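Colleague: Features from Swiss-Prot:
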ACT_SITE  D246  active site, nucleophile
ACT_SITE  E499  active site, proton donor/acceptor
BINDING   W245, D246, S315, R399, D400, E497, R517  sucrose binding site
REGION    42-83  region 'Disordered'
REGION    103-138  region 'Disordered'
TRANSMEM  774-794  transmembrane segment
Amino acid sequence: METKVRKKMYKKGKFWVVATITTAMLTGIGLSSVQADEANSTQVSSELAERSQVQENTTASSSAAENQDKTEVKETPSTNPAAATVENTDQTTKVITDNAAVESKASKTKDQAATVTKTSASTPEVGQTNEKAKATKEADITTPKNTIDEYGLTEQARKIATEAGINLSSLTQKQVEALNKVKLTSDAQTGHQMTYQEFDKIAQTLIAQDERYAIPYFNAKAIKNMKAATTRDAQTGQIADLDVWDSWPVQDAKTGEVINWNGYQLVVAMMGIPNTNDNHIYLLYNKYGDNNFDHWKNAGSIFGYNETPLTQEWSGSATVNEDGSLQLFYTKVDTSDKNSNNQRLATATVNLGFDDQDVRILSVENDKVLTPEGGDGYHYQSYQQWRSTFTGADNIAMRDPHVIEDENGDRYLVFEASTGTENYQGEDQIYNFTNYGGSSAYNVKSLFRFLDDQDMYNRASWANAAIGILKLKGDKKTPEVDQFYTPLLSSTMVSDELERPNVVKLGDKYYLFTASRLNHGSNNDAWNKANEVVGDNVVMLGYVSDQLTNGYKPLNNSGVVLTASVPADWRTATYSYYAVPVAGSSDTLLMTAYMTNRNEVAGKGKNSTWAPSFLIQVLPDGTTKVLAEMTQQGDWIWDESSRTTDTVGTLDTAYLPGENDGYIDWNVIGGYGLKPHTPGQYQPTVPSTPIHTDDIISFEVSFDGHLVIKPVKVNNDSAGRIDQSRNSGGSLNVAFNVYAGGNISVKPSQKSINNTKETKKAHHVSTEKKQKKGNSFFAALLALFSAFCVSIGFK
């Protein structure tokens with residue numbers, strides 16, 4: 001058998017770990033020396049089955065973390081939660097007969113299966129052991145014995161296969177057993193279940209570079225490091241040039257608007273020395289309404305200058321107390337347990353001083369952990385639950401608390417989490433068709449794809465990312481957890497990470513947003529294609545509800561709101577999207593992010609920095625679109641002075657010399673076919689003029705001089721419109737309302753581009769570049785158009 005060597009990366013909490021894997025041996029890197037939230041590692045391959053062997057009685061001491069430099073990988077039991085023995089095969093038609101191990105193991109544990117009972121929200125349910133939980137999972141997926149036909153299918157399985165259009169005689173034994181395990185309904189409470197089909201649609205939208213969702217191009221030459229990020233480091237105490245990434249403004253907890261704090265705007269940011277295990281939070285400030293990126297200043301590390309990698313502070317949110325102090329909500333991370341990331345939601349009161357030039361941190365008090373066990377165990381996975389089955393691949397999350405206050409003055413935290421026993425991770429989730437969301441044909445095809453790919457199967461077994469919500473009680477400076485609720489969003493079987501949630505109220509609706517990397521999902525085909533075509537797989541997802549604590553539905557049908565536009569190692573790559581309300585608007589949001597992935601992936605000295613912000617519009621029908629409005633870097637408050645063209649780019653200007661080489665250094669992807677896109681223009685939600693059905697003359701003109709004109713009957717809502725087709729290959733598609741009169745506004749479309757390395761530079765046709773060539777061409781076009789109107793009787 002040929003030995004193959006490839007580099008793989010996996011994410012442990014917010015830490016990326018690089019490993020070289022062969023068919024027999026893995027060499028790891030100590031977790032204490034790697035960094036959080038490293039995005040150029042987008043190629044994450046689930047090494048669940050390859051990294052280590054799960055013992056039948058796994059304990060809380062993770063030997064995988066302890067011995068990852070010397071672990072011998074054995075091709076025996078999978079490391080998914082139910083210790084499945086499903087073998088990897090290249091074809092679904094291959095007959096597999098070794099499921100006896102699963103059935104035997106399940107039968108042994110059937111009598112020990114534990115019944116999961118709901119616990120009180122204030123009392124973490126950690127009493128149920130993982131052995132019992134595992135036994136329950138295995139019992140749930142045991143193949144039923146009441147097969148009824150010659151193919152070994154149950155009545156339900158036969159119906160599913162028939163609806164899917166499958167030739168029953170072609171089914172393998174493995175596929176028959178899988179179909180017999182399928183559940184069509186689930187009693188588990190999930191909030192909105194992010195389905196496999198939704199994930200698929202999100203990836204396809206990213207690949208298509210739909211301009212409604214594709215992040216605008218930025219001018220790479222205009223991007224600079226943040227001056228305020230050259231500051232005293234929290235760990236070393238020395239002045240250093242720091243990366244700045246996840247950031248959040250001090251906001252009104254009810255409206256979400258950036259607070260004017262004594263004439264200043266305040267922002268809390270994660271910062272650290274590149275290529276160092278240095279993850280702490282700092283307070284940044286600028287005059288309120290000042291759009292100059294260079295005017296931002298640094299008040300320093302919020303928790304002082306004796307910080308260590310053992311105790312870190314990750315993302316959160318902040319608001320202002322009645323006495324003017326800040327109430328900070330953040331993630332306190334303890335890495336002392338074999339370098340694992342024990343994440344807990346925490347809060348602290350930050351007392352500030354100021355004058356007309358500066359803001360100072362005077363003291364920090366009331367620093368307390370709100371969730372000492374991590375999750376409560378029932379709604380959300382606790383640290384102990386995760387630790388007892390962790391073998392080096394499963395992601396744990398209890399982080400990024402976002403504070404929001406309702407009309408009654410009650411405060412809630414929305415946060416990233418992992419599902420608890422209410423809807424736990426496990427192999428049985430693969431056979432739960434409520435997780436798929438498609439037709440029988442789609443669901444069965446996807447199920448069989450899992451059977452074909454051990455990596456995907458394992459990812460699906462572990463995946464249990466969620467967006468959670470809890471209610472606070474008590475004094476606002478020293479709050480306590482009052483109640484945990486069922487997740488607002490769950491993604492069992494689909495994704496293992498949904499980051500940085502925030503909720504914004506627009507009008508009478510609540511909008512939930514979260515950032516994610518698709519490579520933390522189980523659909524390897526989808527995110528690998530995104531990497532191949534675009535070079536990155538980051539997205540922002542959005543959901544809407546009439547209530548804060550439940551009822552969320554995906555925006556744009558799938559949940560997609562923003563998609564990556566450029567490769568992960570370009571200077572203008574972005575992530576960690578955070579939506580900020582625009583004062584006085586009920587349908588626009590300012591989208592903020594950091595730019596340039598951490599640890600100098602875009603080149604030496606090109607640190608992570610704040611990106612230019614841009615607008616999106618939220619429409620009444622539950623759709624959104626990116627608008628052609630952009631700011632300078634680090635603008636958190638949109639007003640008329642925010643608008644600039646300095647940072648606006650095209651695909652030609654979105655990269656620095658040497659970046660557009662068709663290669664991303666994660667060792668698996670080479671080449672990508674980027675597509676141009678143009679953000680939309682702002683449109684009021686209430687039309688200013690009535691919609692009429694008029695005679696429209698449409699015509700297409702190509703640059704080689706061909707003209708095609710034909711009158712058609714369409715619905716038109718303005719004096720004229722220009723349609724740009726991504727597939728037009730340089731043609732103009734113009735529709736003109738004859739009755740309205742006026743001038744024709746003609747804009748060349750974006751030309752299609754070649755996917756090869758030599759020609760994948762943007763063929764972005766700008767008015768400037770084509771103006772000289774276009775003036776005489778468009779004059780001739782107008783003359784032809786006028787003659788045509790007269791010839792058919794229009795005046």
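Note that Cβ sites are derived from N, Cα and C of the backbone, with glycine treated the same way.
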Colleague: Would you mind pulling the longest C-alpha to C-alpha span across W245, D246, S315, R399, D400, E497, R517, which the record has binding sucrose, in angstrom?
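Modeller: For the residues that bind sucrose, the greatest Cα distance is 18 Å.
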Colleague: Between D400 (sucrose binding site) and E499 (active site, proton donor/acceptor), find the distance joining the two CA atoms and give it rounded to the nearest Å.
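Modeller: Approximately 7 Å lies between the Cα of D400 (sucrose binding site) and that of E499 (active site, proton donor/acceptor).
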Colleague: Can you give me the same-chain residues 6 or more apart in sequence from S315 (sucrose binding site) with a CB-CB distance under 8 Å?
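Modeller: The list for S315 (sucrose binding site) reads D246, W248, M270, Y330, T331, R399, D400, E499, R500, S576, given in order along the sequence.
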Colleague: Do you know which of the recorded positions D246, E497, E499 has the most other C-beta atoms within 10 angstroms of its C-beta?
Modeller: D246
Colleague: With every protein chain in view, what's the tally of Cβ atoms within 10 Å of the Cβ of R399 (sucrose binding site), excluding that atom itself?
Modeller: 25
Colleague: 10 Å Cβ neighbour count around W245 (sucrose binding site)?
Modeller: 27
Colleague: Looking only at DSSP and grouping its letters into three states, which state does E497 (sucrose binding site) belong to?
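Modeller: Looking at the DSSP assignment, E497 (sucrose binding site) belongs to neither helix nor strand, so coil.
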Colleague: 10 Å Cβ neighbour count around R517 (sucrose binding site)?
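Modeller: That number is 24.
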Colleague: If you draw a 10 Å sphere on the Cβ of D400 (sucrose binding site), how many other Cβ atoms land inside?
Modeller: 31
